[in-house]
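First up is the structure itself, then whatever we jot down about it.
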Amino acid sequence: MQWMEIKIVFDAAEPELAQEMVSYLVMEHGAEGLEMTTPGETGMVQDGSGSSVPDSKEHSVTAFLPLDDLFEGRKADLTRALDDLKGSVLTDYSVHFSKQDDQPWETAWKAHFHPIEIGESLVIKPSWEDYENPEKRMLIELDPGMAFGTGTHPTTAVCLEMIETECLKKAPERFLDVGTGSGILMIGAYKLGARKVFGCDNDMDALEAAAKNLKGNQVHEGDFGLWLGDLLAGIVEGAFDMVAANITAEANVMLIPGLPRIMAPGSIFIASGIMAEKKDLVLEALDACRFSVERVQETGGWVGIAARMP
Ligand SMILES: C[S@@+](CC[C@H](N)C(=O)[O-])C[C@H]1O[C@@H](n2cnc3c(N)ncnc32)[C@H](O)[C@@H]1O
């Protein structure tokens with residue numbers, strides 16, 4: 001497999017926020033092996049040989065896209081998404097491409113993935129790390145492969161917190177995660193009491209990682225379902241009483257009109273992956289479908305929204 005290294009060098013008034021958002025966008029567009037640099041600091045991720053990335057003079061995010069049939073489409077979508085950030089989050093940016101034959105970054109991210117406590121009752125623990133668990137939190141043990149969803153990203157953490165809040169009120173019978181990635185939200189919902197958990201993704205690698213993680217977290221084979229598809233395409237059976245989607249604001253806007261078909265009356269929808277300045281797009285889409293917004297939570301420039309079906 002050949003890969004294209006994509007390095008995005010940028011200027012921004014709030015570089016940390018910009019780094020978060022650019023990283024999210026590249027992951028969202030199927031990139032792997034994320035590496036970030038900040039002027040005067042060593043890279044946040046080490047290369048595959050274990051040696052440190054040299055000091056940088058610029059803010060940058062580097063990641064790798066597989067050079068397959070989807071490459072040109074992903075590149076065009078990513079460029080459009082970066083252009084959308086220019087003038088708001090990014091003052092300026094440039095993208096540099098370089099073809100690669102191997103993947104030295106494949107395990108490098110592991111160095112930066114440690115146990116992380118979420119909300120009142122969950123902890124996400126890398127499968128290779130120990131955790132003493134003094135508060136007797138429910139464990140989500142993950143080896144996410146390269147699929148998005150380690151809990152370290154604010155969009156995942158906000159979404160899990162909102163799922164926890166709703167599950168403590170009433171755990172769902174049927175939970176659906178649109179864009180499941182590593183399966184982390186499905187596992188969280190199951191541990192918090194959901195009876196059956198379902199997830200879809202348009203990336204086959206994510207589904208393989210999710211299946212492995214679900215089984216590794218004792219989600220019984222008969223209690224979960226996964227499928228490959230774009231948003232709700234392929235869902236024939238409805239009546240989900242909790243739906244979560246940590247996808248972009250634009251993808252949430254496309255998803256929302258389809259939700260009334262598959263959600264039970266009075267059920268809850270949790271939207272995440274929304275940049276703060278795009279929050280209104282999602283709120284308008286929810287309003288158009290007569291959802292009532294119950295909670296809007298903002299963390300580090302990202303917004304989660306919990307809204308109830310009429
Ligand atoms: C930001 S990740 C979220 C992963 C995980 N649910 C979490 O909260 O950490 C978004 C996931 O949605 C998937 N995705 C993006 N657009 C999609 C679409 N139109 N239909 C289905 N899945 C999509 C991506 O492949 C990716 O795995």
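Including glycine, each Cβ sits where the backbone N, Cα and C put it.
Record note: Swiss-Prot gives T156, G179, D201 as S-adenosyl-L-methionine-binding, and the candidate from N246, N252 in that site is N246.
For D201 (S-adenosyl-L-methionine binding site), applying a Cβ distance below 8 Å and a minimum sequence separation of six or more within one chain yields G179, T180, G181, L207, A210, L226, L228, G229. The maximum pairwise C-alpha distance among T156, G179, D201, N246, the residues recorded as binding S-adenosyl-L-methionine, is 15 Å. Around G179 (S-adenosyl-L-methionine binding site), taking its Cβ as the centre, 25 other Cβ atoms fall within 10 Å, counting all chains.
Annotation note: T156 (S-adenosyl-L-methionine binding site) sits in a helical segment as assigned by DSSP. DSSP assigns G179 (S-adenosyl-L-methionine binding site) to coil, not to a helix or a strand. In the structure as shown, the Cβ atom of N246 (S-adenosyl-L-methionine binding site) sits within 10 Å of 31 other Cβ atoms.
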